[in-house]
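See structure below.
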Amino acid sequence: MKARVPFIVAMLCGLAWAGNLESCASRCHEKFNRDAVCQCDRRCPQHDDCCDDYEHLCTAEEGPPEPEAFLDPEDKIPTSHLYSAPSSCQGRCREAYDKHHPCHCNDRCPEFGNCCEDFDSLCGGDHEGFSHSSDAVTKEELESISETIYRVDTNKAQKEDIVLNSQNRISPSETGNQVDRSPEPLFTYVNEKLFSKPTYAAFINLLNNYQRATGHGEHFSAQQLEEQGVFLREVMKTAVMKELYSFLHHQNRYSSEQEFVDDLKNMWFGLYSRGNDEGDSSGFEHVFSGEVKKGKVTGFHNWIRFYLQEKEGLLDYYSHNYDGPWDSYPDVLAMQFNWDGYYKEVGSVFIGSSPEFEFALYSLCFITRPGKKCHLSLGGYPLAIQTYTWDKTTYGNGKKYIATAYVVSSSQ
């Protein structure tokens, strides 16, 4: 009889455990459990497999949810492109120490005697516009300035300005299926009076200046170059960009507003080659207007561009795999769509933001966290922006162009 006691206890424990797998008691936000009858992870509402008590037990005292991952595989730049010459300081001045590099270009390399041979010629002296190690921007400072930018964006859309019809939401595993699950357009209504505001009008004037196919060189007329200048002048009049400049100036990144504007023009509008032709792409074209490379849509992270192309019948909205937690604009949507015959697997965009808001956040992250995930806070909710540098060619004294910038998950 005694020999059977452990067996009976084990069976009872097993039954108790099986019972737990039908409830979220002590399981809130655990990882996906394939042995469970129902789930309690953060994605279970999306996959419709939550336990019956998930909402009661796991969401009642929950803080602002973090965005789920919505990767954009078409935007990823191979690591080999981040540094074209690790034995040189070309495009690497003031970068963080990396033990994998044979020589270094940070402020302390002279102290340790491990600078690259061209450090003095490329990085020596007082190079304005570069941050020194003592001027490093903290995560808390990024969260604070992003909240400030969010607060002062008076040109953003109001709730009544945009009516969205987001329709079908899919799981991340389905984004590559290329199935149109939404019979209606994404935008039911947009108040186009927004587009008469100076920054919107200047932004829209830039969108028809590009050929979307890579491999075809971009050639700008005098008028088109002036349109770039008008856009920069208009955004710099806004509180959003004034706050950004003030922040970067106090961080010793720029000594004057003109230096800042000149750098913005180079990093965003400077041409480089993604294809076989010289000067067929730029950061602005890729991020805001969108490109087609090897039969797929790349970039295209702007709601105004999306709306205008959808209105013309050139864009077909398929589905979305992420909808942000914000109950006002700007919001974030990660979606799938067909752009006049070419598919975008995951395109994350701010919805209802002003042009200067996006331009400011992407610039902030590129300047302070180039090639990295940049953690921000908007209205109390976390989100992150991923940027990548393009330095097969550089400008100025080895500075890098923007390859891409887009919203990603805030979780690591």
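A Cβ is built for glycine as well, from the same backbone N, Cα and C atoms used for every other residue.
Annotated in Swiss-Prot:
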DISULFID  C24-C28  disulfide bond
DISULFID  C28-C58  disulfide bond
DISULFID  C38-C40  disulfide bond
DISULFID  C44-C50  disulfide bond
DISULFID  C51-C58  disulfide bond
DISULFID  C89-C93  disulfide bond
DISULFID  C89-C105  disulfide bond
DISULFID  C93-C123  disulfide bond
DISULFID  C103-C105  disulfide bond
DISULFID  C103-C116  disulfide bond
DISULFID  C109-C115  disulfide bond
DISULFID  C116-C123  disulfide bond
DOMAIN    85-128  domain 'SMB 2'
DOMAIN    138-411  domain 'EndoU'
SIGNAL    1-18  signal peptide
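Here C51 (disulfide bond) is positioned 9 angstrom away from C44 (disulfide bond), judged by their C-alpha atoms. Listed in sequence order, the disulfide-bonded residues near C109 (disulfide bond) (C-alpha within 10 Å of its C-alpha) are C116, out of C38, C58, C89, C93, C116, C123.
When secondary structure is read from DSSP and collapsed to three states, C50 (disulfide bond) falls in the strand class. When the disulfide-bonded residues C40, C103, C105, C115, C116, C123 are screened for a C-alpha within 10 angstroms of the C-alpha of C28 (disulfide bond), the residues that qualify, in sequence order, are C40. When the disulfide-bonded residues C24, C40, C105, C116 are compared by the number of other CB atoms within 10 angstroms of each CB, C116 has the fewest. In terms of Cα distance, the disulfide-bonded residues that sit within 10 Å of C93 (disulfide bond) are C123, chosen from C24, C103, C123.
Remark: C38 (disulfide bond) has L21, E22, C44, D49, C50, C51, D52, Y54 as non-local neighbours, by Cβ distance under 8 Å and separation of at least 6 in sequence. DSSP assigns C44 (disulfide bond) to a helix. Looking only at Cα atoms, C116 (disulfide bond) sits nearest to C123 among the disulfide-bonded residues C24, C40, C58, C123. Once Cβ contacts within 10 Å are tallied over all protein chains shown, the disulfide-bonded residues C28, C44, C89, C109, C115 are led by C89. Within the set of disulfide-bonded residues C24, C58, C89, C103, the entry lying nearest in space to C115 (disulfide bond) is C103 (CA atoms). Each of the disulfide-bonded residues C103, C123 was scored by other CB atoms within 10 A of its CB, and the lowest score goes to C103.
When the C-alpha distances from C89 (disulfide bond) to the disulfide-bonded residues C24, C40, C58, C103, C105 are tabulated, the minimum falls on C105. Among the disulfide-bonded residues C58, C103, C105, the residue whose Cα lies closest in space to that of C40 (disulfide bond) is C58.
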